[in-house]
């Protein structure tokens, strides 16, 4: 069975260096129809005749052997036909139809699925990841056909240490975990949030080359406060209100301990937890396990890379970042994470007495120290009265007023409120103190974006730098000019963070490792690209980006003495690698989908 299958790659390592590039055989414990029903090993009609005999498949498949390339072309033809047949239909209908055809392939043949995904990442990432994954989560109970990942619920308390051994793979490198409490900008989706870990891990495989047999999407179901779901007869999760307080934390504790007991070297990514639990769990586990929270730390890294890019676009040295006036709208885990990492960057530039020009707003307006019952996580970024009285601002000031009076260099949205950067706000950005103001509308999915790029370029000026969380087309400004739309999405960082942490064998993921990832991404773009307003690379280059980010994270782990090595590569070998050798080492450890020979044991 695939659950105990193992690769003979290590046995063949030296041989492969001296011979032709033949994939190492994989030893399996299945035969016949069981192989055909296993998406990891199934090759459909691609099994050669010798393998059909070896695995008891002769007669179970049509006699013609179809090559991998022919299978690939056949799927792409079907996909293009679907695109043609759904022309003119609502976007949601088309998106779900595309997701279904990809999901059917994923359920049947993972090797072909990931090759299709890697080769067409620009077209398919928006389907298996943001923004379509949000639509999938909203409809998950109705779309459910085949389980993927593991589900731990409040009813499993006391059983998780044994449950973890129900997962069939003996080795897991990467886990993405959610409790479904804050899915994108869609709120509490309960168990239906499992679509997020699945989509994230698809990106880990496609971008970071994590072996798909070693990934595990996890849903931690502690109930839901979404009344619509509780009343839905098709809802697949627990029909109870969410656990809170120590009851909640005891469930998360038990799961984390179970994972660490079975796979102590696995990297765990926390995803889409509501803000209070996102910060609580990050503080609780980050020094004990190799884990990170993508909403807090991944989003922050991508945003910081873009913010540093805007300084370059203004023709200023990076040290001038300390003088940038930044208005952040959204005081959840993502917005606070961005400010925390930005503050760390300013402190490195100016010293511990840094006095950043950050202004934070939530649904109640500008956050100041005069606010009652202020969130402790927001307190470091709350403005004192003397800091804003000269601007004519006070507690609770609205967004338009803040932008008009602060005249920020950067307006950054992580509010989850679509259209909050309305006409008055965008026109006010035209009066920014910056020669090239930046607008980051980073909320996902598309409908939750704070503004669309067309409005931003029209109302705030053609010289702005623009970035969004979801993909948008570039804007035709006329006269041959293009308004470049950057996708400031975590996919540029989290695969590299996870890969670098894994290959270094890091005991935990430090702020320095995360900052190394952000700075690597920030330096990836050329001066010419930055001058044209292009802050982030093309997603077509995602594997190259991830290799460089992963290498930067690995080097940072080694420098901080957090690395313990991975596989047969120890810490001493990692220490002696040059920058170029580290990048090559990372590339060599990225899985790529090909049909390898299967040997039954």
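Using the three backbone atoms N, Cα and C, a Cβ is placed for every residue, glycine included.
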Which of 182, 543, 555 shares the NAD(+) site with 295, 444 per Swiss-Prot?
-> 182
Restricting to the same chain and to sequence separations of six or more, state which residues have a Cβ under 8 Å from that of residue 272 (divalent metal cation binding site).
-> 178, 179, 180, 181, 182, 183, 184, 193, 196, 295
Hey, does DSSP put residue 444 (NAD(+) binding site) in a helix, a strand, or just coil?
-> coil
Work out the three-state DSSP category of residue 272 (divalent metal cation binding site).
-> coil
Go through 182, 200, the listed recorded positions, and name the one with the sparsest Cβ surroundings, counting other Cβ atoms within 10 Å.
-> 182
Cβ packing number for residue 129 (active site, proton donor), 10 Å threshold = 27
Any idea what the Cα distance is from residue 129 (active site, proton donor) over to residue 271 (divalent metal cation binding site), rounded to a whole Å?
-> 13
How big is the gap, in Å, between the Cα of residue 444 (NAD(+) binding site) and that of residue 200 (active site, proton acceptor), rounded to a whole number?
-> 14
Pop the Cα-Cα gap between residue 200 (active site, proton acceptor) and residue 271 (divalent metal cation binding site) into the table, whole Å please.
-> 9
